[in-house]
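A.B. asks: Here it is, the structure in full.
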Amino acid sequence: MAKHVFVTGGVVSGLGKGITAASLGRLLKARGLKIAAQKLDPYMNVDPGTMSPYQHGEVFVTEDGSETDLDLGHYERFIDEDLNKFSNLTSGRVYWNVLTKERSGAYLGSTVQIIPHVTGEIKEAIYSLAKKTEADVVITEIGGTTGDIESQPFLEAIRQIGHEVGRTNCLFIHVTLVPFLKSSAEHKSKPTQHSVKELMASGIFPDIIVTRSDEILEESIKDKIALFCNVKRDCVIENRTVPVLYEAPLMLHEEQLDTIVCRELNLTTKEPELGEWEAMLSTIKAAQKHVRIALVGKYIQLHDAYLSVMEALKHASWALGSQVQIDWIDSEQVTEGSVDQLLSQADGILVPGGFGDRGIEGKILAARYAREHKVPYLGICLGMQIAVIEYARSILGYADAHSSEFNPDSQHPVIALMPDQRGNIPKGGTMRLGTYPCVISDNTNMSKAYKGQRIIAERHRHRYEFNNDFRQELIEKGLIISGTSPDGTLVEAVELADNPFFVGVQYHPEFKSRPNRPHPLFSLFIASSLGLTS
Ligand code: GLN
C-alpha cells in the first residue's frame, strides 16, 4: 500500500511549497522509492489552461496533454518522472465531475453534498493516483494557503485519508513563513503558530513543520514552534532560501527532511544516492562564462509566465559552463526605432509562446533583427509562427502576411487553423495538446541538435498551424522545413540556412528540459549564442 505525504502551506502564498514537495520527491526517489506527485488546486477553473499567465504563471503541459499548474514543472524537473492528467486536480474539475455524475443519475435519491460527495471525489483522485502509479509514496500538495474558504473540502478529504490509512501510512507536512523583523533583529514564530492552529481546526495535526526563511533560524525559534505547534523538536525543519533552486534537495537532506519522513512513515530504505545531483550542482557553481539571451515576450513582468523556458535556458547554459543572463524585453516596447538598441547586446534571441495580438509586431521585429543580423534565434510555438510571418513579409513581400489568429482578414494567412478546425471552438481544453511525433530532415540544425535522431516526440499547446497553402512558395524562397508530422502534413519546425542557428518549433521543448539533462535544442541554441558552433 502506498504511503501518503500531504503538503499544505500557511501564512502566505508563493512560499515554495512546490519546491519543498519536489525536493522531498527527489530525496525519496534517491533512496530507491517509487514516487508519484500530485497538486490539488482549490480554485474553480476546470484547469489552469484558461488562466492569464499574469495570475498563475505558465501553464505546464504534461506528456498526455494536460494543462497543469506550474508546480508540476518543478516536480518533473526535480523528481524526473513524467506526470499526467491525474497529477493536477482543481475544485472546478471536482465539481464538474460531481455535477456530471449527478446529471447522469449516479447519486439518484441522495442529496448531493460537499461531504461526502465532493470530498469523496477528491479522495478518489488521490487513491487512484496511488493505484495507477503503484508508487511507494504519493506526495500530494494542496494549493493555496490554510484558511482559504476554497481549500476546506480538500483539507477535509486529506484528514479523512489520514484516518482511513492510519497515521504510519500518512504524513502531514505544513510549510510556513517565518518572517524576520529587522527592527528587533529576530525571527517571529507567531504567524506559524496561528497557521497551525487554523489547520488543527480542520482536524489536521501536522507531523512536520517546514519553516521558510531567508536566513538561518535561531534554535530558540525552532524550540518554540515545536512546543506550541505540538510537533517533535526534530520535526521542525528549516528550508532556507538558496541561491540556486536545485540546491534545495541537498539543503533539505542536510536538515534531515528525508530521514525524518522515512522514520515517521516506518520506511526502511538505503541512504539516498545524491552523487549525480551533487555533481550537477558543482557544474552549476563552476560555470564561469556568460551568455546573454533576450527573451522577447508580453508577460515579462512576471517571470513565472516563462518559468520552464527560463529553467531550460539555465540547464543548457550550465552544461556549457556558463551562466545565462536573461534580458526581459517587453515586445510592446520593440519598435523600428528601438529594436537595434534593445537587442544589440543579445548573444541570442528567444521568442516564446503566447496568445493574443498584443505585442505581436514587436516580436516580428525581433525575428527580423535576428535574421538580418544573424543572431541565433529560437522561436517556440508562437515564436515559430512569428518567424514564418516575418519571412513571408520580408522575403515573399507579402506586407499583410499574418496569422489568422491576429488578422482574420489577411490575404496571406501563413499561419491559420487547419481546415478541420474551423468553426466555433470553445477556449478551454480544445488545442493541440500533449506529445506528438515529429520527423526531422537531414542536414539541418534540428538534426544536429537531436544528434541525428530521425523521429522525436515533443509536447504541444496551440491552436494555429503553418498554412500549407504557402509551403511551396516559402520553401522556394529559402525557408527550410526541418520537421514535420510523420504524414508530412503539419509543419513542426522551420529554419534558415544562412544564420548559425535560426530555428522555430511549433512545440514546446522547454517542458522536457531537466537540470541534469538539458534539452538538445536549447543546448544548440546556447552553444551558438556562445559562438561554440561552426
Ligand atoms: N497562439 C498560438 C496558437 O494558438 C501560439 C500558442 C503558443 O505559443 N502556445 O497557435
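Placement of Cβ uses the backbone N, Cα and C atoms for every residue, glycine included.
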A.B. asks: Among LYS132, LYS224, LYS232, which residue does TrEMBL name as a further UTP binder in the site formed by SER13, LYS188, SER189, LYS190, PRO191, THR192, GLN193?
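C.D. replies: Answer, per TrEMBL (UTP site with SER13, LYS188, SER189, LYS190, PRO191, THR192, GLN193), from LYS132, LYS224, LYS232: LYS224.
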A.B. asks: Please state which member of ASP64, ASP69, ASP71 TrEMBL lists alongside GLY14, LEU15, GLY16, LYS17, GLY18, ILE19, ARG240, THR241, VAL242 for binding ATP.
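C.D. replies: Within the candidate list, TrEMBL flags ASP71.
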A.B. asks: Starting from the L-glutamine binding annotation in TrEMBL that includes TYR54, GLY354, LEU382, GLY383, MET384, GLN385, ARG463, which of GLU67, GLU336, GLU405 is the extra site residue?
C.D. replies: GLU405
A.B. asks: Sorted by position, what residues of the same chain at least six away from ASP71 (Mg(2+) binding site) have a C-beta under 8 A from it?
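C.D. replies: In sequence order, the residues whose Cβ lies under 8 Å from that of ASP71 (Mg(2+) binding site) (at least 6 apart) are LYS17, GLY18, ALA21, ALA22, LYS39, PHE60, GLU141, GLY143.
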A.B. asks: Taking the Cα atoms as reference points, how far is TYR54 (L-glutamine binding site) from CYS381 (active site, nucleophile) in Å?
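C.D. replies: Just about 19 Å between their Cα atoms.
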A.B. asks: Please report the three-state DSSP label of GLU141 (Mg(2+) binding site).
C.D. replies: strand
A.B. asks: Calculate the distance in Å between the alpha carbons (Cα) of ARG463 (L-glutamine binding site) and CYS381 (active site, nucleophile), and round it to a whole number.
C.D. replies: 10
A.B. asks: Which binding-site residues among ASP71, GLY383, MET384 have CB under 6 Å of ligand 1?
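C.D. replies: Cβ under 6 Å from ligand 1: none.
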